[in-house]
Amino acid sequence: MKFGIVINTSRERAITLARELMAWLTEHGQDYVFDTESALRLQTARTAPIEELNKQCDAFVSLGGDGTLLFTSHYSVTKPVIGINVGYLGFLTEFSPDEMVPAIEKVLSGNYSIHNRSQLEATFRTDGKIEQLRALNDVVIEKGTYPRIPTFVIKLDGELLGSYRADGIIIATSTGSTAYSMSAGGPIIAPKSSVFVITPICPHMLTVRPIVINDEKIIEVSIDAPDGEFPLNGDGHLRKLLAPQETVTVKKSQQVINLVANENRDYCEILRTKLLWGREHDSTQ
């Protein structure tokens, strides 16, 4: 089996783990390749452009935090992804560093299960050409440096949902509900729920609240403003600066992300641990 390995090159712990993984895979007769940036940091000749890894590899290993896993997921397509948490929260990265080798062994033996995670697909135009982006967590349209409050017009299946005067709009999957959407006041949604959540960012309207919709709905968002440029982001990466009245169409992608599951993890325990639920505030700090 051949593994594509993507690491957060800014984390020394991830570098150390990558070297340990290289040694283990070599010892056990398994092949591997790194994306170009990771290979340069590790000074290894086993490298390929990250766009080519999916064609060359049977599975992916992400060494970093949730951001590294999101980055990896954009290129893994249908291949299984083993997420090793070397970050902070680790909602998506299923395994700790100590669980790295056992996770690899499970994949090699074929004795593993998969979490299928839905993605968003956003369609827009650039220079007259239709472009698409896929996002595991969220698609965000925001006001950027625009000095006033724009109006975001949202339609569901062609019917007007509402016009939101706000700093931006977040459209999140159930997976992404614990990311930017949660920080903006959106609900936590259980993974694999067949819904999306639309969360306004700092709405200038007291009655506006996030709304949860069926993930079969087609969402259209346009910006009503006299001028300005408005960033369109997918999973935290800028994809385009939108013009006023330009429309972005968001729907469920046909492609899912296959995350190798850690059967020792419990989602309720993750919420309690990561979000510090039920813990007393330490008054000494």
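Just so you know, glycine gets a Cβ as well, placed from its N, Cα and C.
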Inquiry  = For the NAD(+) site that Swiss-Prot describes with Asp66, Gly67, Asn137, Asp138, Arg165, Asp167, Thr178, Ala179, Tyr180, Ser181, Met182, Ser183, which of these is also annotated: Arg125, Arg148?
reply    = Arg148
Query = Roughly how wide, in whole Å, is the group Asp66, Gly67, Asn137, Asp138, Arg148, Arg165, Asp167, Thr178, Ala179, Tyr180, Ser181, Met182, Ser183 that binds NAD(+), by largest Cα to Cα distance?
reply = 33
Cα distance (Å, whole number) from Asp66 (active site, proton acceptor) to Asp167 (NAD(+) binding site) = 25
Query = What residues, ordered by sequence, lie under 8 A Cβ-to-Cβ from Ser181 (NAD(+) binding site) and sit at least six positions away in the same chain?
reply = Asp138, Ile170, Ala172, Val197, Thr199, Pro210
Request  = Look at the recorded positions Asp66, Asp167 and tell me which residue has the greatest number of other C-beta atoms within 10 angstroms of its C-beta.
outcome  = Asp66
Request  = Using a 10 Å cut-off, grab the number of neighbouring Cβ atoms around the Cβ of Ala179 (NAD(+) binding site), all chains included.
outcome  = 24
Query = Judged by the number of other CB atoms within 10 angstroms, which among Asn137, Ser183 is the least packed of the binding-site residues?
reply = Ser183
